[in-house]
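Reviewing the structure listed below.
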Amino acid sequence: SQSAGKTTSPVKCSSSSASMEEYSSLVSEVHGMHSCRQCTYVTKIKSHMRRHLRQHTGERPFQCHLCPATFSDSSHLKDHKRTHPGERPFSCVHCKSTFAMKKHLVHHTRTHTGERPFSCVHCTATFTRKEELVRHTRKHTGERPFSCVHCTSTFTRKELLVRHTRSHTGERPYRCHMCPAAFAHNSSLVYHIRTHTGECPFLCEYCDASFRHEQGLIVHVRSFHPAE
């Protein structure tokens, strides 16, 4: 057992139910209100708190059966499934692009109209999407709302927390279909697959050299074409 003053072991709340001890380590319950111990979120509804906690734990229990993608909320999984080949009911009036979700059409349309409706209150930056403004604003405020339950690391974006958490859990959800290799990040899988296919998509504009990774091209240009 833990001595006084020490924290309990890091925990993850299950997508269905966690033990009372686990839940209590992450949430304070007073007069019917559930308060997150890691931020200011408060709710009367316990299921809402369980869903909220996934922002901190990085847990993504809802997995797509068509690809390695995982999600913290079932509604996000539902939206994602529509991005696979199939239904794309939302069509752009400016070009031939079609989309599975209306919000993606709205974002795309702004590339034609030039509309940037989200403005930073700290500087002159404007954005086509609210999420981009939120991420940008954190550069000014220093806010890092996503905390690792395994260490003291904090992050400005949820996806960065998810990537980091895998360094603790050892999770490697991206699997090569050509060999047994598995990876924590999709980008690592993409690079690995090129070792099978021989693809070298990064081409030097000064000679015939080509590379699997962009960093390889950068090093090459600096070494062999420094004056260019």
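Any Cβ shown, glycine's included, is placed from N, Cα and C.
Annotation source TrEMBL lists domain 'C2H2-type' at 34-61 (among others). As a whole-number mean, the pLDDT of the domain 'C2H2-type' (34-61) in this prediction is 82.
For 62-89 (among others), the entry in TrEMBL reads domain 'C2H2-type'. Residues 15, 51, 54-55, 98-101, 173-175, 186 of the same chain lie 6+ residues outside the domain 'C2H2-type' (62-89) yet bring a C-beta within less than 8 angstroms of a C-beta in it.
Residues or ranges marked as domain 'C2H2-type' by TrEMBL: 90-117 (among others). Under 8 Å from some Cβ of the domain 'C2H2-type' (90-117) lie the Cβ atoms of residues 79, 82-83, 126-129, all in the same chain and six or more residues away from its ends.
Per TrEMBL, domain 'C2H2-type' is recorded for 118-145 (among others).
Annotated domain 'C2H2-type' per TrEMBL: 146-173 (among others), in sequence order. Across the domain 'C2H2-type' (146-173), the DSSP tally of helix, strand and coil residues reads 12 helix, 4 strand, 12 coil.
Residues or ranges marked as domain 'C2H2-type' in TrEMBL: 174-201 (among others). Long-range contacts of the domain 'C2H2-type' (174-201) within the same chain: residues 68, 163, 166-167, 210-213, each at least 6 residues beyond the stretch ends and with a Cβ under 8 Å from a Cβ of the stretch.
Counting residues 6+ beyond its ends, the domain 'C2H2-type' (202-228) has Cβ neighbours under 8 Å at 191, 194-195 in the same chain. Among the features that TrEMBL reports, domain 'C2H2-type' is placed at 202-228 (among others).
Per DSSP, the domain 'C2H2-type' (202-228) is made up of 11 helix, 4 strand, 12 coil.
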